[in-house]
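A.B. asks: First the structure, which I've put down as structure tokens, then a few questions once you've had a look.
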Amino acid sequence: MSFFKDIKSSLDHFADDLKKPLHDIREKLEQGLGHSHADGNANVQDVQNLHKNRFHSFAPSREHNNAKWYVDGCGYMWAVSVAIMEARESIWIMDWWLSPELYLRRPPSNNEDYRLDRMLLAAANRGVKVNIIVYKEVAAALTLSSKHTKAALELHPNIAVFRHPDHKPVGLQSEIATTLNSLSLGHREIGEIPGEALKSIYGVHQDIVLFWAHHEKLCLIDRKIAFMGGLDLCFGRWDTNDHPIADAHPNNVRDILFPGQDFNNARVKDFEDVENFMNNKLDRNKNSRMGWTDVSLSLTGPIADDLGAHFVQRWNYIFNQKYKARRDPRYTALTFEPQQIPENQYNPDGSNSDSSKDSTDGSHNRSVDDEGFHLDSSSSEMFNRFRGRFPVLRKQLNTSHSESSGSVAVQLVRSCCDWSHGVPTECSINSAYINVIKESQHYVYIENQFFITATDDDQRPVRNKIGEAIVERIVRAHNEGQNYKIIVVIPSVPAFAGDLSADSSIGTRAIMEFQYHSICRNGHSILEKIEKAGVPDPSRYIRFYNLRNFDRINAGTVSEEIGRQGDLNCNENEIPNRGTCGNGYNPQCRENNNSSGFPGQSYDCYQQGEINVRGESNYDSVSSCYMDNSLPITKIPWNGSSEAEFDAFVSEELYIHSKLLIADDRIVICGSANLNDRSQLGDHDSEIAVVIEDPTPVDSFMDGKSYQASYFATSLRRQIFRKHLGLIPAQNPRHATANFLPVDKSPNEYDWNSPNDRIVSDPLGENFWELWNNTAQINTEVFSRAFHVVPSDNCRNWDQYKEWYGRFFLSPSEELKKEKTPPKYQYGHLVKEEFPGGVEEAKQWLSRIRGTLVEMPLNFMNKVDFAVAGVMLNAITSEIYT
């Protein structure tokens, strides 16, 4: 029986006992934090304004913007670096986590001056005012070290960093401990409750601010160009579209793309001691990193004013609450000065004024008539079967994109409330999601880090009703005989370290169980509700997918031989001297090529040893082999033994961090908000997103018929689909393209009407769907056999889990130290027993993989209570996981 239905009676008594004392503590906390929601007349004007605009947002939909998408961090962070170099007045940044030592361009050895802290310091030296807001984490629960962020960046009086919220006034922790010690469970039972559970207990009690976070990602330059979406400017986020997870370079460490702790695999080990960013306990010669896929934007036009107003509101709220009393001259209130919207829409402090109102409804484009077809062929055997069946327009596509005044309608929506923003609760992101899903005509594509939602009130503690909207729309499509589809792509496992069977992984299992209960289990899930409504096959309308990739670690003989020679016994903690780029945008600017991005003497010692034992392989990563126009893995050479090559192959889930919805190739919602209660309800985590509707038409197809799509929405959707299917070339971070630039430099570059574009042009076409699902099925089969990955439908209970996975692997964690028998294979490596023909047989199988799309295993652990109730997971703590 699931913990949602069977909470132990002792924990129920525990919760009852906690209510009154924690309520008293809450009142004291609110007094200490200066909360204002007790005043029934507070912010009345804001409440009224919330109801004037579409989705009840504080901001209207605004026309005449320019918008540009970035899929993955490589191009996005390069574009941010260009804008920071050009900044002349102000740089405003909001992040959940900001890593000062983050390289915005790679490899670091050639881009020392494009490290974030150095770029911000260069801007401050030019007279630019830099204002940064970062989430102040619960230090015992997260390793973000916002204290380090603040200390590392505030090296110039023009740079000011706010950390928020302060989680507990002085003395609160001891008062909670005293309260807990007086409860009916007794001292011994309470003493056995893990510290994480205690933090959860008082962290989720009503609206005490302990575990809710500032989650927005925003960089606003000179109040004119904005960067926002799912990417924080922090470690672990930069990645290319082929997602190399191997980054060992025995021939030349200057080729390293992910220095120090930026080489991270959250499923193996969380970030640790980030102040010493080059100190990484994850061995890149044995472990893979975890690939990171995400979607972000750059925007110009009136939307920049709305984003600026949001930033000014937050900054001034935190300033008045916390920093005003410090009397530090760098900490001052900001004044909102509109650039492109009427001056009377916001007050000088950024708050809404009386005249705020919605200016446009952002209606959809209209469709067009049928067109004719023709198609080319290509080299890939599997894709060659399908290419001849995809239509292409006879006439030239109209793909001109306005480079002057923008044409895109953009509306800012958000989740915020009293604790986070000093305003009444706003959940306009949730309203936008529900509205767009209900009004969609053909399809909805959702790519998100989480998928936790409810279909009715009986699904508590989950409260957001996006799931209800999905059920309603699919049932309507079935009843009306529509060809309608919803595609959901989410991570297979949340990014927390540890084996899923470990006691310490209860939080991971809780999130996964909430997701499975949202999708297919426990009586109120989406698939169950659809079936109960009379739809015999819900998979005809909605399907769920994950992403996964593989690579080959070239630890090689070079580093081993150098190590035996003792050439790496060098001590060096100094970062090499660097150049002075950053005084302004200059495409020809080149950095000090002597700067390696690594301890200089250690690098020189390594290179001296490498000269004597140099290897020949240029394939330190093989991630390109499942992308377009690349050698298959069977033809990529290996400089070493067959046994060593067998041990070198690794696989990991490709972690999906996107917060994206695309509907009908016409409307896009993109921002920082996950699909869960934390992001959607408004009174939990603070978030921002934008609703984008581009009237620029593109002649396309929908369900085999001619269709007029939106330039922005359809190009983004096609780029993502092609990437998941391996239908775009691997990205070279050293060679910037138009997609590496901000929107004011160049629009998105996309190869309209190319053979691979035609394959994904119709998201409802039978041929596309056959290709999409065949690709997912084949990839799933190969990864399953080669790596015995979990989650897997081969594991429906713990005995099967042990037989399928546990007898081969034990995910690196604290439990590993206690094991008497070490695991047979390193986490994520090939299972040799599956390939009696040796590494060549394994490579033949791996050569079948295209892209990264895999099926989500909906039957994983469906015969057990996956997240058992206990002190770490119960009626009190469950809300934190939703």
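Note: Cβ is positioned from N, Cα and C throughout, glycine not excepted.
Unlike curated records, TrEMBL annotations are generated automatically.
As the structure is a computational prediction, the values presented were derived from the model and not from experiment.
What TrEMBL lists as compositional bias 'Polar residues' is 337-354. Marked as compositional bias 'Basic and acidic residues' by TrEMBL: 355-374. Per TrEMBL, the feature domain 'PLD phosphodiesterase' maps to 210-237, 652-679. Annotation source TrEMBL lists region 'Disordered' at 336-377.
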A.B. asks: Using DSSP, how many residues in the domain 'PLD phosphodiesterase' (210-237) fall into helix, strand and coil?
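C.D. replies: In the domain 'PLD phosphodiesterase' (210-237), the DSSP-based counts are 0 helix, 10 strand, 18 coil.
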A.B. asks: Using a Cβ cut-off under 8 Å, which residues of the same chain at least 6 positions beyond either end of the compositional bias 'Polar residues' (337-354) come close to it?
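C.D. replies: Same-chain residues near the compositional bias 'Polar residues' (337-354) but 6 or more away: 45-46, 49, 58, 62, 64, 223-224, 301-302, 304-306, 308-313, 315-316, 423.
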A.B. asks: If I take every residue in the domain 'PLD phosphodiesterase' (652-679) and average their pLDDT values, what number comes out?
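C.D. replies: In the predicted model, the domain 'PLD phosphodiesterase' (652-679) has a mean pLDDT of 98.
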A.B. asks: Using DSSP, how many residues in the domain 'PLD phosphodiesterase' (652-679) fall into helix, strand and coil?
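C.D. replies: Per-class counts: 3 helix, 15 strand, 10 coil.
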